[in-house]
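For reference, the structure discussed in these notes is given below.
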Amino acid sequence: MSTTGNIAITGIPTTAGPDGSFPLRRELRDLQRNYPDHFNLLVLALKDFQALNESVQTSYYQIAGIHGLPYKPWNNVGSNSDWQSTSGFGGYCTHSSILFLTWHRPYLALFEQALYNSIQKIANQFPQGPLRTKYVEAAKTFRMPYFDWASQPPSGSSAFPSAFTAPSLQVVDVDGKTKSTANPIYRFVFHPVNPSPGDFPRQWSRFPTTVRYPNPRTGQSQDNRVAPILANELASLRTNVSLLLLSYTNFDAFSFNRWDPNMTPGEFGSLEDVHNEIHDRTGGGGHMSSLDVSSFDPLFWFHHTNVDRLWAIWQDLNPDNFLTPRPAPYSTFNSTEGESQTKDTPLTPFWDKSATKFWTSEEIKDTTTTFGYAYPETQEWKYRTGSEYQTSIRQAVTTLYGTNVFANFAAANVQARATEHTELIKSLSLAAPPPSAPITAEKPLLITQEMKASPIPEHLQHLAPNNKYPEWVVNIRAQKHGLHGAFRVIVFLGPIDESDPDSWQTEFNTVGRVSVLGRSTQGPTTTKCAKCITDAADELMISGTVPLTSALLQDIVNENTASIACSQRKWCRI
């Protein structure tokens with residue numbers, strides 16, 4: 001294949017500091033509050049990046065389009081005959097596959113390096129003198145921020161950062177004056193929606209901008225609905241993330257959600273499963289809800305940067321565990337269905353630094369510094385030994401996501417009583433009429449957790465003899481494309497108003513859900529994703545988990561033990 005014009009994916013070119021350090025990707029709220037110069041550059045540069053002509057290969061539109069629609073080859077990477085869908089080019093999809101995490105890392109690096117071009121451009125447009133010097137210096141250490149949706153928001157902050165919901169922001173513009181500007185983190189404005197006729201079907205071409213929870217009558221984005229839903233599921237998210245990072249030791253189980261009949265009961269959850277729930281809960285039927293178009297919403301990039309961060313944390317805790325070779329369940333540009341999919345499988349369409357071959361999973365797994373960045377938790381250069389480094393990571397994880405459910409619960413109740421608000425945060429869902437599909441609710445899983453920190457309140461000690469307690473979760477598996485679109489499996493502990501699905505978003509007895517990002521494979525909304533069409537024909541099954549222990553503890557403390565009875569356990573799919 002000719003390499004003429006191949007775009008090398010380098011990330012932001014960086015050399016390590018004298019102490020081995022690399023610039024950090026920081027949490028968005030931390031960046032906005034504590035690194036205002038970096039945040040100012042982010043807003044101005046992202047706006048500049050989004051304004052690039054949509055025909056430019058490194059434009060926001062073209063890079064977002066790699067993920068799904070408009071399903072066109074990118075960076076001189078076409079497809080072989082085995083990979084063509086009936087409607088043409090079949091895309092680069094790696095969802096529900098062993099390459100899910102590794103494929104998205106160079107994808108993020110590409111986005112970051114394209115954004116960084118605008119960062120440098122903007123920094124050098126400030127008037128010469130101290131102002132330009134300040135922003136040029138800030139640009140050197142700018143890295144793409146992440147949105148940590150599983151940690152407790154800073155005091156006074158929303159579960160959904162205001163940067164995602166404010167139509168405009170105050171910035172110091174390149175003329176040195178403070179002014180209001182349209183917020184590029186809030187939404188992406190297509191210019192136009194269909195730069196080439198047919199890029200988007202009517203389902204999406206009717207939206208001139210990305211939307212979240214679109215009003216069914218007007219199509220207007222209802223971003224105000226996201227924060228309460230994220231807040232109500234925070235306890236469940238924290239538990240899931242803590243379990244994944246500290247209890248999962250097998251990369252295949254940790255990384256992706258394809259169900260395997262050889263799975264153990266403790267392997268039904270995955271980072272992809274949690275990732276899907278954020279797409280679902282923030283999208284609400286808008287762009288983030290559909291993998292065909294989710295990457296056009298600016299939120300996608302902050303969300304996936306956090307997914308990459310969680311993988312980096314897990315990988316450094318489990319450095320000797322990586323993907324297991326397995327037959328490719330579908331055909332891609334570089335492999336045919338049935339061929340072995342390994343750590344050396346090319347991650348198309350991402351050319352490496354030489355621009356002559358593609359990145360592989362093996363080349364990018366060990367360290368994020370390959371692409372010039374690190375995370376606050378992965379500053380390995382600060383520690384003398386690997387053991388000290390891993391200890392610091394575990395401490396960071398327990399600080400952010402809790403040491404154990406009992407400790408989290410006790411802390412939440414202390415805070416709740418102080419504010420005269422006794423409801424624990426619980427996960428909710430977007431309501432819709434429940435269709436039918438083959439879905440299996442597995443028996444609740446009992447995992448024994450040993451608590452290594454935070455004493456148990458005396459009135460709960462009988463529930464954790466010998467400082468151990470059962471971690472209850474519901475294991476769920478479902479046919480991914482069985483409903484020809486996205487759906488959720490919701491778990492309740494206790495009665496609900498089954499006649500009013502809209503109320504499920506605020507039901508106290510709603511515990512959590514597994515979000516299934518299926519795609520339509522029939523009718524006018526049929527996806528062009530070749531892998532998805534193959535997966536649907538093969539009746540691909542995926543799995544996920546819903547933690548129960550926090551909800552059970554809440555009922556015990558409230559002396560509402562009826563919810564524990566089998567007759568009160570409910571689940572529903574919508």
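Heads up, the Cβ atoms here are built off N, Cα and C, so glycines get one too.
For the Cu cation B site that Swiss-Prot gives as His275, His279, the extra residue drawn from His191, His304 is His304. One way to see the shell of the Cu cation B site is to take the Cβ centroid of His275, His279, His304; the remaining same-chain residues with a Cβ within 8 Å of it are Asn276, Ile278, Ser294, Phe300, His303, Val307. For the binding-site residues His275, His279, His304, a Cα to Cα distance of within 10 angstroms from His104 (Cu cation A binding site) holds for His304. Of the candidate binding-site residues, His275, His279, His304, the one lying closest to His95 (Cu cation A binding site) when CA atoms are compared is His275. Straight-line distance linking the Cα atoms of His67 (Cu cation A binding site) and His279 (Cu cation B binding site), rounded to a whole number, equals 14 Å. Using a 10 Å radius centred on the Cβ of His95 (Cu cation A binding site) and all shown protein chains, the other Cβ atoms total 25.
Counting every protein chain shown, the Cβ of His104 (Cu cation A binding site) has 20 other Cβ atoms within 10 Å. Each of Cys93, Thr94, Phe100, Trp103, Tyr107, Leu291, Ser295, His304 belongs to the same chain as His67, His95, His104, is absent from that list, and has a C-beta within 8 angstroms of the C-beta centroid marking the Cu cation A site. Counting every protein chain shown, the number of other Cβ atoms lying within 10 Å of the Cβ of His279 (Cu cation B binding site) is 22.
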